Each structure stands twice: as structure tokens, then as C-alpha cells.
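**Q** Pasting a structure below so you can have a look.
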Ligand code: KIV
Ligand code: NA
């Protein structure tokens with residue numbers, strides 16, 4: 001069984017690889033590629049559920065996708081991202097929502113978009129046996145505060161706040177930290193300051209690992225952020241396959257004789 005200890009042990013030896021996945025076939029492919037950590041991100045709201053932000057994603061939505069991913073994963077650590085307002089409002093509810101991802105859906109850990117309010121919550125969850133991946137820098141659930149998705153930690157105060165919160169979450173027992181869209185020199189400093197591994201997205205090369213949204217990596221997304229990189233052309237592949245299917249049906253070349261059969265013993269029904 002994959003554990004958070006494996007992730008901690010790998011850091012410092014080799015870069016940690018992490019990707020999102022939301023469904024069974026994608027999880028299978030990501031797992032077979034030996035990716036260390038699969039994040040069932042609340043980015044599922046953008047990638048798969050047709051929302052403009054992650055805010056409408058519910059615990060039910062996330063749980064459904066976590067179940068699909070964990071049923072299809074053998075080796076990777078499966079991390080469930082906690083949706084907007086599913087944690088932080090009330091401690092008991094937060095723990096119930098997070099615990100459910102492990103108890104019922106097969107996740108091994110949860111990820112929390114962090115702030116001052118998640119320090120004691122992280123400590124409580126870890127005490128109870130729910131491993132926590134912290135997430136600092138750009139936290140997209142704050143889109144209404146930011147008015148968009150700007151880079152974080154770009155001035156001294158902002159950078160110090162991120163470093164302090166990173167230390168606080170390490171002390172509270174988080175097993176790793178995602179740093180999103182922060183200057184690479186800040187990410188390098190935070191990585192140096194912590195014992196737990198940092199996993200960057202738009203945070204430069206000096207983190208202990210990297211994470212991206214799988215739809216962006218394979219080239220399925222219609223749009224992807226500038227800090228992402230497209231390693232494939234899945235959207236184009238799908239477009240051309242679907243175009244060919246439509247043409248084949250319209251021209252009558254599909255289905256061909258081999259795609260159906262007649263029953264010899266049937267008599268005409270009229
Ligand atoms: O939801 C998500 O995909 C994430 C990653 C980008 C870190 O939080
Ligand atoms: Na997320």
C-alpha cells in the first residue's frame with residue numbers, strides 16, 4: 001500500500017511526480033506511468049464539470065471522483081482535494097468530510113488550501129490518522145478575494161507570510177506542501193526551510209516535486225495556464241477521431257458488415 005512515508009522518503013533522492021486524475025481510465029494510465037501521487041483535485045470543477053471556478057464543487061462531487069480514481073490505482077498515493085467550505089467552517093464537519101475520503105472512497109490523504117485557519121485543523125486531522133498535504137501560494141478557492149489568479153508571495157510581506165504558514169503546517173504535521181504560482185526564489189527558500197517535501201506548480205525548478213493538471217499535460221484542455229506545459233495533443237486526437245466517426249456514419253461506411261450480424265433463423269416479422 002502506498003503511504004505518505006514513501007513520498008517523504010523519495011524527496012531529496014529524486015523529484016516527486018504528481019498529476020491530477022478524475023476518472024478511472026486516466027488514473028490507470030497515470031498510475032501505470034509510475035507517477036508517485038495522484039491528486040483528485042477540485043480542479044475537476046474546471047476540467048470535467050463545466051464550472052468556471054472550483055467554488056461550486058461539492059464533497060459529493062469530489063467523493064465520486066476519488067472513488068473512481070482509487071478503484072483504478074494500485075501504486076500511486078491518492079490524495080483527495082477538499083472542496084471550498086468543506087473544511088474550515090466547523091472542525092467536526094471538516095474532519096467528517098476529510099475522513100470520508102479515506103473511509104469510504106479509498107484516498108490515502110487529503111489536501112487543504114491553507115491559511116492561518118488550517119494550522120490547528122491539520123494537527124487535529126493528523127492526530128486522527130488523516131495525512132494532510134498543505135497548499136499555499138495561489139489558492140484558487142480565494143478567487144473572489146484575488147479577483148483572478150495572480151501570482152502570490154511577490155512582496156516581502158507576502159513571501160514571509162507564506163514561509164511562516166509553511167513552517168506552521170510542517171509543525172502541525174503536514175507530510176508535504178504544494179506551492180502554487182509563487183516566485184521560484186521564494187519556492188527555493190521555502191523548500192530549504194522545510195524538512196517535508198514541497199511540490200510546485202508554477203513555482204520553478206527547486207521544489208522537491210512537480211504537479212500539473214493532467215488535462216493540461218496531455219493537451220485535452222481548451223485553455224491552460226502559462227506555467228503549465230502541454231506534452232501531448234489529446235484534444236486534436238479526439239477531434240479527428242470524432243470527425244471521422246461523423247463522416248463514416250453520414251457516408252454509410254460505418255457500420256460495415258463486420259460490425260453487426262444477421263440471425264439466420266429469424267423469419268420476417270410481418
Ligand atoms: O485542484 C488541483 O488540481 C490542484 C493542483 C493544481 C495543485 O489543487
Ligand atoms: Na485544488
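The backbone N, Cα and C atoms fix where each Cβ goes, glycine too.
The active site, proton acceptor annotation in TrEMBL covers 180. For 42, 43, 81, 111, the entry in TrEMBL reads 3-methyl-2-oxobutanoate binding site. The Mg(2+) binding site feature in TrEMBL is assigned to 42, 81, 113.
What's the neighbourhood like for each of these?
**A** Sequence-distant contacts of residue 180 (active site, proton acceptor), defined by Cβ-Cβ distance under 8 angstroms and a gap of at least six in the same chain, are 135, 136, 137, 138, 139, 140, 152, 200, 201, 202, 203.
The DSSP secondary structure for residue 81 (3-methyl-2-oxobutanoate binding site) is strand.
Secondary structure at residue 113 (Mg(2+) binding site), as computed by DSSP, is strand.
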**Q** Using DSSP with the three-state reduction, classify residue 180 (active site, proton acceptor) as helix, strand or coil.
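**A** Its secondary structure by DSSP: strand.
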**Q** Around ligand 2, within a Cβ distance of under 6 Å, which of the recorded positions 42, 43, 81, 113, 180 show up?
**A** 42, 43, 81
**Q** Tell me, how many other CB atoms lie within 10 A of the CB of residue 81 (3-methyl-2-oxobutanoate binding site), whichever protein chain they belong to?
**A** 27
